[in-house]
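To start, the structure itself, in structure tokens.
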């Protein structure tokens, strides 16, 4: 029987049967008083941990003064936040909204404006396979997940898709399509299986965009604000993008998104071309300023780099000989354990058996996103709990090899990606059934049930592509 407390909610999320009632740092407690260790931080949101006292003080302090006016008027906290973010990132101007998807919508509109200013009648944006940019119709069209797109056709036209980490594919696309005006890329594909940009990749994209007159747009929604061991993921490559999007950790749980732009791209929006009713409200912006203050004072990007090395080293030492583990990779405190088979069921098992919160992406990659305020002992505890969780999978016969598409895209061997630069589905809207994502047989953790995506929804596996 349906739980009466959830019967009035649409079934948009694959919810686990637990409800948390309080938290502190990297710990959570359910309604029965059971304590859990958080290794997902609300999927990269609560980087300062739960119930940070200074964040709570900022919320309470602003709530008692002023919550909302309108962007018809100046908003002091919005102006302060814009100045802070531009100083940290080297960007020029900011637009504020309420989520990562909204921030990416703003970026996509900037790209189209840029194209039309260059007299391109049908501007297109180059995006990557296995990317995730949101679930609005435009960001879903830019996203590289067929299961997420399933049922929402027709998708928006105007996107060209190439493999991640493959510059030759990008160059071929540039040669074949004169209407490309921008590139949208993640420094690490979080939802795409924790795929890290190979050394030189973002710099090569920057150079090509400069030669082509394209905008380089970097989606930092999951990687930004210290997660990878730098303030922003693209800073590892020593570049400055034309457009950058942020959300998630910016509000530590308070909804806020930001689209920042540099150079001519920062001048594209004019009054009336874009807007957001709640975007940049005093409450969200004051909280975000507080988040930045804490991150800078406590040197959390540097801490993420240090703890990330500890997490990677610990996992590799513990799981190096595990027959079910393909590889362990990551950057900072964004770490993935790629398994040989789908493992979505491990999300529930981790909660029940180890009192550990984690996520699974691309069906077969365990993703760890612990709060940046974890201490070394908690990182070691995450390693121990994950190791115990995977120990039963050592038993029995050796597990079969990973799916070809998963193994081929490892950043250690980007040349192994053998996918045409412009396939039948390169311009989104009518996918080629031959390119359908692989289906996996049930019988091992994950089956065909899927696992929670960035927003907690469970994307079902699609055994056969039923779309025309």
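Cβ atoms are placed via backbone N, Cα and C, with glycine included.
Per TrEMBL, the stretch carrying the note region 'Disordered' among 387-427, 428-468 is 428-468. Once Cβ contacts within 10 Å are tallied over all protein chains shown, the recorded positions 135, 248 are led by 248. Rounded to a whole number, the C-alpha distance linking residue 132 (pyridoxal 5'-phosphate binding site) with residue 248 (N6-(pyridoxal phosphate)lysine) is 14 angstrom. Rounded to the nearest whole angstrom, the C-alpha distance between residue 220 (pyridoxal 5'-phosphate binding site) and residue 248 (N6-(pyridoxal phosphate)lysine) is 9. DSSP assigns residue 219 (pyridoxal 5'-phosphate binding site) to a strand segment in the three-state reduction. Neighbours of residue 101 (pyridoxal 5'-phosphate binding site), defined as other CB atoms within 10 A of its CB across all chains, total 24. A separation of roughly 15 Å, to the nearest angstrom, links the Cα atoms of residue 222 (pyridoxal 5'-phosphate binding site) and residue 135 (N(2)-acetyl-L-ornithine binding site).
Neighbour list (residue 219 (pyridoxal 5'-phosphate binding site), Cβ cut-off 8 Å, at least 6 residues apart, same chain): 100, 104, 107, 131, 133, 184, 185, 186, 245.
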